[in-house]
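What TrEMBL says about this one:
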- 185-203: compositional bias 'Acidic residues' (COMPBIAS)
- 67-141: domain 'tRNA/rRNA methyltransferase SpoU type' (DOMAIN)
- 212-272: domain 'tRNA/rRNA methyltransferase SpoU type' (DOMAIN)
- 150-206: region 'Disordered' (REGION)
Amino acid sequence: QMVFFSTVERLQELPLDKLRRATLVKVKSEDIKIWSDLVAPQGVIAIFSRPNPERLNFSQRGQSVPLSLICDNIRDPGNLGTMLRCAAAAGCHRVLLTKGCVDAWEPKVLRAAMGAHFRLPVYPNLDWDDVKNHLPKPVTVHVADSGLDISAETGGNGSHKPSKPGDFGWVSSRPDGKNMLYQEYDSDSDSDSESDSDSEDEGPQLSRVETKLYHETWTQSPSALVIGGETHGLSVEAVQLAEETSGHRLFIPVVPDVDSLNSAMAASILLFEGRRQLLKLLQTSGKKLQSKPERNFS
C-alpha cells in the first residue's frame, strides 16, 4: 500500500487513521500529472491490492437490507460506477457483475463509484451459475423493464407501444404487442414466418413475468434486482431466473415522448424503493437489521 502526494494539505484531507499502514511518498506535482490520466489530477495517487470481498469488514453492514444488485452486461464505465455507488448508498448486501460487464476496477468506474468498492462486496466476471451461487436462498429475482407501454398492462387498448432507439435500456417490445428480448437485426430473420412462430415458444419470455409499477410492493423477502445494459438489454438467463423465482418486471413510468431512463438512473430509483419497502416490512414485523460478522481485510 503506497500513497503518493504532492502537498501535505492534500494528504490531510484523507482519513489519517487509515494511512498508518501505508507508505507515504511526497513527489512533485509534475510527476502526479504525468502518472494520472486526468487533465487536472487532485494531487494524490495510491497503489493498493484489490481487496477480497469475502475478507473485507464493511462498517455499513449493520444498515444493509436483504437486497442484491445484478449488473447484466453493463458496459459503460460511468454507469457501472454510479450503480455501485447507488448500491452502497442503498445498503445492498452485494453486487454481482455478469461476464460482459466492464471491468469493475477500470479507472472511470472507480472514480464514478466514489469508494463503493470498499463499502460492499463486489463480485465481477460471473457466469449465471455463479450468480445463483452468490444469492441467498430463497431469493426473488426481479428485472428492470423500460420497453413497454404500461397502459397495455393496466387495461388500455391491449397493444404495446413500439420502442424507440432510446427505449433499448433493458427490454424492447414488438410492435405487434408481443414482448421479446431485444436482438440484433438480421436480414434473414423475417424470411420464414413459421420459424418465427416456433421460436416464440422456446425458452423464457417476458410475457410470463408479471409486471409491476416500481412503487408497488415487490420486496417481501430477500430480493435481487437485475439491470441490463443499454445496448443489448436483458439476457435470456436474467429473464429465466426471474421466471424461476416468481419475480416481476419492474416498470418506471415516464411522461410521453421522453426517452427511457439510463441504467444507472433506473437502478438508483429501484434500489432505494426496494430499501424503503424492506425497511417498512422490518419495522412492521418488529425485526432489526442484523449483520453477519466479517473478517478484517489484511
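Cβ atoms here come from the backbone N, Cα and C positions, even for glycine.
Whatever TrEMBL says is automated annotation, not expert-curated.
If you average pLDDT over the domain 'tRNA/rRNA methyltransferase SpoU type' (67-141) in this model, you get 95. DSSP assignment over the domain 'tRNA/rRNA methyltransferase SpoU type' (67-141) gives 30 helix, 18 strand, 27 coil.
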